[in-house]
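Heads up, the thing below is written out as structure tokens.
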């Protein structure tokens with residue numbers, strides 16, 4: 001679709017939902033090499049860049065439509081995962097990326113995701129789980145990823161009182177597809 005403006009689309013959607021001029025704190029989490037920094041860079045600059053692994057937490061101010069987000073890219077290597085808990089206070093949403101083309105690491109991703117689900121402080125925080133790299137020939141299907149991560153019964157677009165909002169979105173950051181739906185979904189909870 002030539003000339004399609006992703007950011008204009010976000011602005012229009014958020015305006016229609018009454019989410020103009022809101023502010024939220026988002027954490028970008030997931031294992032190393034899942035695409036967290038690439039996604040953040042794409043959202044901020046609308047282009048790809050050659051990136052190195054994230055060794056230290058980085059913070060960016062990001063506006064999608066009229067919602068301003070303070071985003072934290074915390075890195076996914078083992079040492080960085082120990083710091084994730086330091087960023088939980090006052091978080092409004094978590095974007096958890098999984099490399100859908102690396103099934104050998106699904107169990108590790110599930111362990112980290114399940115550990116996050118057990119943290120009382122995050123009980124009401126929405127989780128947008130992104131199965132990234134669907135452009136890769138080795139990427140698994142959404143059904144396979146849901147099963148591997150234990151996400152067969154997510155909340156979808158239904159707000160259920162007393163239940164944490166969780167949804168899985170399949171995407172390709174490099175192809176600029178799939179992740180906009182995740183941010184639209186997250187915006188309904190901020």
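Note that Cβ sites are derived from N, Cα and C of the backbone, with glycine treated the same way.
According to Swiss-Prot, the protein carries these features:
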type	residues	note
BINDING	30-37, 73-76, 132-135	GTP binding site
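Close to residue 134 (GTP binding site) in the fold, though at least 6 residues off in sequence, lie 100, 101, 170, 171, 172, 177, 178, each with a CB less than 8 Å from its CB.
Neighbour counts of Cβ atoms within 10 Å were taken for the binding-site residues 30, 36, 132; the minimum is at 30.
The binding-site residues in question are 32, 34, and the one with the fewest Cβ neighbours inside 10 Å is 32. Mapped onto three states, the DSSP output places residue 36 (GTP binding site) in helix. The DSSP secondary structure for residue 30 (GTP binding site) is strand.
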